[in-house]
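In what follows, a single structure is set out as C-alpha cells and then discussed.
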Amino acid sequence: MSDVMTANRRSFLAEDGKETIVRTDDLVRDFDLGHRPEGGRLVLRAVDKVSLTIRRGETLGLVGESGSGKSTIGRMLVGLLPYTSGNIELFGQKIEPRAKAAAWKPLRRRVQFVFQDPHAALNPRMRVGTAIAEPLDVAGNLTRKERSARVDELMELVGLPTSFARRFPHEFSGGQRQRIVIARALALNPEILVCDEAVASLDVSMQAQIVNLLKDLQDQLGLSYLFIAHDLAVVRAVSHRVAVLYAGQIVETGPRTALYSDPLHPYSRALLDSVPRARRGAPRSIIAGEVPSLLNKPKGCAFCPRCPKAMDICRDVPPPLRVIGDREVACHLY
C-alpha cells in the first residue's frame, strides 16, 4: 500500500445508522505568501481546524460569507489542493497531506467536483458529447459503442436530448451548460459530488431547476453532496445538514430545520437575519463590521469584534466546538 495513503478499515456509522463516508478532523490549509518585511514567513490560514462529516446519501450544506474558506475545503476534499495538517478520510481511507496524484487515483471515480461557472468549465471548441465522455476516455475501459451509449444515458439523466451531443457549449443556456457539467461529473458513477456554488451564476428559475435535478439524482443514484453556497435559501432547499463557516472556522453545524428555525451561534443568527424577506416592511438585519483579515485574526473568537453578545472571555479564548443536543456550536454562550 502507498506510503502516502493508508487504509483505515473502521466502519464509520452515525447514530442514525448511516455510514460516514467523508470525515475531516482539525483540517488546516495555510498559504505561504512569502517573506515578511520584518523577517520570517507571511502565512495566511484559509482553513482553521475544520472537522466535518458527510454521510452516505445526504447533503451537507456549507455556508458562509465570501472568503470564509468554503471553496478551499471543497478543493481539498477532491485533491485539487493539498492540506497542511489535520486529517481527511474518504471511505475509510486516510489521505496524507501531500498525497500525489497516484494516491488519489483509486478515489477519482468516487469523488467528483462541479464548478461554479459552467461556461468556463467547458472547452468552447469541444462538442458537449465529447466533453461528457472525457472521464470515460481517461478511464479507457469502454468500447466506442459503449462510450456513445454512456454519453446518451448521462444526457438523458440530466434532462437533455441525446441529439444535443454534437452541439458546442455556446449553443446552450447557462442552465443547460450546468446540466452538461453535472453529466460529465457523473460519468464514472461517483458516490460524492462537491458542488462549489453550482447555481450561483444562474437566474432564480434556473437555480430551482438545477436544485431539483440534484435532488432527483440523489434519490435515483444515492449520491452524497457537499453543497457549497452563500445563498441560504438554496442551501435550505437542498441540504439535510448545514455547517456554518466563519473566517476559516466552523461555528455551528446541525440539522437544516433546527439550524434555520433556531440558530445557536450569533453569527448563524445574524446570517439568517440578513436574508431579505418577501413580506413588505419586514425588518432586515445587517451584520456590522467586516470579516477579520486572515493574516491578523482576533486572539479569541474570530466573530467577537462583530458579535452583539461578546463577553470578555470571547476576546481572549477561542471557543471550542461543543455538542449541544443534535448540534455543534463554537460559542462561549453555551
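Sequential numbering from 1, following the chain as shown.
From the backbone N, Cα and C atoms, a Cβ is placed for every residue, glycine too.
Per Swiss-Prot, the features are:
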{"type": "DOMAIN", "residues": "22-272", "note": "domain 'ABC transporter'"}
{"type": "BINDING", "residues": "Gly64, Glu65, Ser66, Gly67, Ser68, Gly69, Lys70, Ser71", "note": "ATP binding site"}
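What Swiss-Prot annotates, mapped onto the structure for a quick look.
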residue : record           : Cβ contacts under 8 Å, 6 or more apart
Gly64   : ATP binding site : Lys70, His230, Val244, Leu245, Tyr246, Leu271
Glu65   : ATP binding site : His230, Tyr246, Leu271, Val291
Ser66   : ATP binding site : His230
Gly67   : ATP binding site : Val291, Leu294
Ser68   : ATP binding site : Leu245, Tyr246, Ala247, Gly248, Val291
Gly69   : ATP binding site : Arg29, Ala46, Val47, Asp48, Val50, Leu245, Ala247, Gly248
Ser71   : ATP binding site : Asp196, Glu197, Ile228
Around the Cβ of Lys70 (ATP binding site), other Cβ atoms within 10 Å, all chains included, total 23
Calculate the per-residue pLDDT averaged over the domain 'ABC transporter' (22-272) and state the result as an integer.
94
Which residues, same chain and not among Gly64, Glu65, Ser66, Gly67, Ser68, Gly69, Lys70, Ser71, have a CB within 8 angstroms of the centroid of the CB atoms at the recorded ATP site?
His230, Leu245
Sort Lys70 (ATP binding site) into helix, strand or coil using the DSSP assignment.
helix
